[in-house]
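Student: For reference, TrEMBL lists these features for the protein:
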{"type": "DOMAIN", "residues": "2-106", "note": "domain 'EamA'"}
{"type": "TRANSMEM", "residues": "23-43", "note": "transmembrane segment"}
{"type": "TRANSMEM", "residues": "55-75", "note": "transmembrane segment"}
{"type": "TRANSMEM", "residues": "95-114", "note": "transmembrane segment"}
Amino acid sequence: LSLLFYTGMFMISKAAFNHGMNIYIFVFYRQAVGSLILLPTALLQRRSARPAMTLGVLIKLFFCALIGITLGVNLYHVSLKFTSATVASAVDNSLPAITFFLAVLLRFIIIDITKA
């Protein structure tokens, strides 16, 4: 089901870019809608377990949002403008494998073949 949503998002993104929509405005709207949908759920479910919002926590949240998802989505949509939605979908589906290989290379995951 989630792959259907991703495919729809790829096609809508490509159509919007072909009709002249600015990539950065599109990413802003996408992030804003996602935040508005998820924020009430998160606030209701984690009322008692929420940490205090100190300046340090806000700075960490800002940099995680800036470097993490926002940078990735911006780069993805810029590349989508120059290629087809099929290629973008294939690249997006390969990201878990790339993440696994990077984790092995950086030794976040240690694989012992003899114990397998």
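Easy rule for this one: first residue shown is 1, then count along the chain.
Using the three backbone atoms N, Cα and C, a Cβ is placed for every residue, glycine included.
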Student: Using Cβ atoms and a strict cutoff of less than 8 Å, what residues sit near the transmembrane segment (95-114) while being 6 or more residues removed from its termini?
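Tutor: Contacts with the transmembrane segment (95-114): none.
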Student: In the domain 'EamA' (2-106), how many residues does DSSP put in helix, strand and coil?
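Tutor: So the counts come to 88 helix, 0 strand, 17 coil.
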Student: Could you tell me the mean pLDDT the prediction assigns to the domain 'EamA' (2-106)?
Tutor: 82
